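Undergrad: Relevant sequence annotations retrieved from Swiss-Prot are reproduced here:
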type: TOPO_DOM; residues: 1-42; note: topological domain 'Cytoplasmic'
type: REGION; residues: 1-35; note: region 'Disordered'
type: COMPBIAS; residues: 8-24; note: compositional bias 'Low complexity'
type: TRANSMEM; residues: 43-63; note: transmembrane segment
type: TOPO_DOM; residues: 64-69; note: topological domain 'Vacuolar'
type: TRANSMEM; residues: 70-90; note: transmembrane segment
type: TOPO_DOM; residues: 91-122; note: topological domain 'Cytoplasmic'
type: TRANSMEM; residues: 123-143; note: transmembrane segment
type: TOPO_DOM; residues: 144-157; note: topological domain 'Vacuolar'
type: TRANSMEM; residues: 158-178; note: transmembrane segment
type: TOPO_DOM; residues: 179-186; note: topological domain 'Cytoplasmic'
type: TRANSMEM; residues: 187-207; note: transmembrane segment
type: TOPO_DOM; residues: 208-227; note: topological domain 'Vacuolar'
type: TRANSMEM; residues: 228-248; note: transmembrane segment
type: TOPO_DOM; residues: 249-262; note: topological domain 'Cytoplasmic'
type: TRANSMEM; residues: 263-283; note: transmembrane segment
type: TOPO_DOM; residues: 284-300; note: topological domain 'Vacuolar'
type: TRANSMEM; residues: 301-321; note: transmembrane segment
type: TOPO_DOM; residues: 322-339; note: topological domain 'Cytoplasmic'
type: TRANSMEM; residues: 340-360; note: transmembrane segment
type: TRANSMEM; residues: 363-383; note: transmembrane segment
type: TOPO_DOM; residues: 384-396; note: topological domain 'Cytoplasmic'
type: TRANSMEM; residues: 397-417; note: transmembrane segment
type: TOPO_DOM; residues: 418-427; note: topological domain 'Vacuolar'
Amino acid sequence: MRYDQEAGSSSHSLPSGSSSHSLPPTEDTPLLGPRTLSSQPKTFANVFIAIVGAGVLGLPYTFKKTGWLLGLLTLLFVSSLTFFCMMLLVHTRRKLESLSGFNSITSFGDLGESVCGPAGRLVVDVMLVLSQSGFCVSYLIFVATTMANLLSRGTEHILGLDAASIYLWGCFPFQLGLNSIPSLTHLAPLSIFADIVDVAATLVVMVQDVFIFLKRRPPLRVFGGVSVFFYGLGVAVYAFEGIGMVLPLELEAKYKDKFGRALGLAMGLISIMYGAFGLLGYMAYGEETKDIITTNLGTGVVSTLVQLGLAINLFFTFPLMMQPVYEVVERRLCSSRYSVWVRWATVLVVTLVALLVPNFADFLSLVGSSVCVVLGFVLPSLFHLQAFKNELSITRIVVDVLVFLIGVMIAITGTWTAVHEILTSKA
């Protein structure tokens, strides 16, 4: 997942006659400058790029816990509900703009403020900061674990730190430098590199999984039990997280009446890819499937290149994903002024959290079950219900309330399950 995938907390307009260079970049400032309206194929591609990210790497381990059939059903349920809630945001924005007569709602935060006032924007801001920071914590865990797996063949400790912790701290000074850059325009090509590596690595891993399965054929579980259902929901929600980018993507679509079709097609294709990746990974390694599937690949040339490529990808994606966090924090604490000390302190906090998390997939489930569920299910249904409260039929009110309650239930139960898994792993 990239920086522009999650941007969407607030919007800022330029005064007339001013240049885009006269103001610091914000979370919804395009990395590559102004863009023309997107055609239908480009809209589809943008949606695909905005959603596919590092969460897919934890799906095989999740299938090991949930069982392969329950894992597939969970992915189908989450993708369908995510698509429904994305369209709720689009319909809510269109409704509010039809009442005002102005196209002033360009982000999730704008929508929250339009529906619920400053409190709505505050809630979106907080959820955005937590989700983006959570994504970056998982990135650091992946990078450190991958480097330790490739370069450290023992259980040696230095100054009481294991190999993964040493590599994590080794990333810290470089991340301070990267995150000190006020404008990330020069890092934009890395975003393209990230997308290419993600897709290529996914395909390579899936092909290897097929050959390994044909050789080993390990026993597989169909259902892992009800107790792990909410754990799987959390990881799936994390993997499909991208709702913060829906409104900007719909705004730049040339054929807005066909946006839902492009969004649905992209979600369907991503669901198939995620299901195949999770299933093949679990089929290849069975109960030996690790929390980061790439660590199962061994030390061959191809597997090493895949792991290094993904690690480098996420290392340089880190500052892009943190940009919305800096926009929110600097806007609220520093009157939107650039502050290197705020950025460094934020990177330090994210690094410390990464040190405390023992398992990659468990942390994905925690982030997905908590903040991603609130952003993806709870807030869209709440905003839609509030905006259309005087027009909805009883059936539609029941649907919105049901989605809201499902989101709250997943958030509470899934968070508890993920925390329990993390504490159990830590013990």
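Please read every residue number as a count from 1 along the shown chain.
Cβ from N, Cα, C; glycine included.
Show me how these features fit into the shown structure, please.
TA: Counting only same-chain residues 6+ beyond the ends of the transmembrane segment (43-63), those with a CB under 8 A from a CB of the stretch are 1-2, 4-5, 71, 75, 135, 138-139, 142, 195, 198-199, 202, 231-232, 235-236, 238-242, 245, 249, 252-255, 259, 262-263, 265-267, 269-270, 273-274, 277-282, 284-285, 289-294, 310, 314, 360-361, 364-365, 368.
DSSP labels the residues of the topological domain 'Vacuolar' (64-69) in these numbers: 5 helix, 0 strand, 1 coil.
Residues 59, 62-63, 108, 111, 222-224, 228-229, 232-233, 236-237, 239-240, 243, 246-247, 250, 259-260, 263-264, 267-268, 270-271, 274-275, 278-279, 282, 376-377, 380-381, 383-384, 400, 403, 406 of the same chain lie 6 or more positions beyond the ends of the transmembrane segment (70-90) yet place their CB under 8 Å from a CB of it.
Counting residues 6+ beyond its ends, the transmembrane segment (158-178) has Cβ neighbours under 8 Å at 140-141, 143-145, 147-148, 151-152, 187, 315-316, 318-319, 344, 347-348, 351, 354-355 in the same chain.
Sequence-distant contacts of the topological domain 'Vacuolar' (208-227) (same chain, at least 6 residues past either end, Cβ-Cβ under 8 Å): 64-70, 280-288, 297, 302-303, 417.
Counting only same-chain residues 6+ beyond the ends of the transmembrane segment (228-248), those with a CB under 8 A from a CB of the stretch are 1, 4-9, 28, 47, 50-51, 53, 55-56, 58-59, 62, 65-66, 70-71, 74-75, 77-79, 82, 85-86, 89-90, 93, 105-108, 110-111, 128, 131, 263, 267, 270, 274, 324, 361, 364-370, 372-373, 375-377, 380, 410, 413-418, 421.
Remote same-chain partners of the topological domain 'Cytoplasmic' (249-262), defined as residues 6 or more beyond its termini with a Cβ less than 8 Å from a stretch Cβ, comprise 35, 37-40, 43-44, 46-47, 50, 87, 90, 93, 103, 106.
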Undergrad: Could you break down the residues of the topological domain 'Cytoplasmic' (384-396) into DSSP helix, strand and coil, giving a count for each?
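TA: For that range the per-state counts are 7 helix, 0 strand, 6 coil.
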Undergrad: Which listed stretch (123-143, 263-283, 301-321) has the most C-beta pairs under 8 A with the transmembrane segment (363-383)?
TA: 123-143
Undergrad: Which residues of the chain, 6 or more past the ends of the topological domain 'Cytoplasmic' (384-396), have a CB below 8 A from one of its CBs?
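TA: Residues 88-89, 91-92, 95-96, 115-116, 404 contact the topological domain 'Cytoplasmic' (384-396) from elsewhere in the chain.
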Undergrad: Suppose you look only at the topological domain 'Cytoplasmic' (1-42); what would the mean pLDDT be?
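TA: Value for the topological domain 'Cytoplasmic' (1-42), mean pLDDT as a whole number: 49.
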Undergrad: Within the topological domain 'Vacuolar' (208-227), how many residues are helix, strand or coil going by DSSP?
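TA: Residue counts for the topological domain 'Vacuolar' (208-227) by secondary structure: 11 helix, 0 strand, 9 coil.
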Undergrad: According to DSSP, how is the topological domain 'Cytoplasmic' (249-262) divided among helix, strand and coil residues?
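TA: Tallied per class, the topological domain 'Cytoplasmic' (249-262) gives 11 helix, 1 strand, 2 coil.
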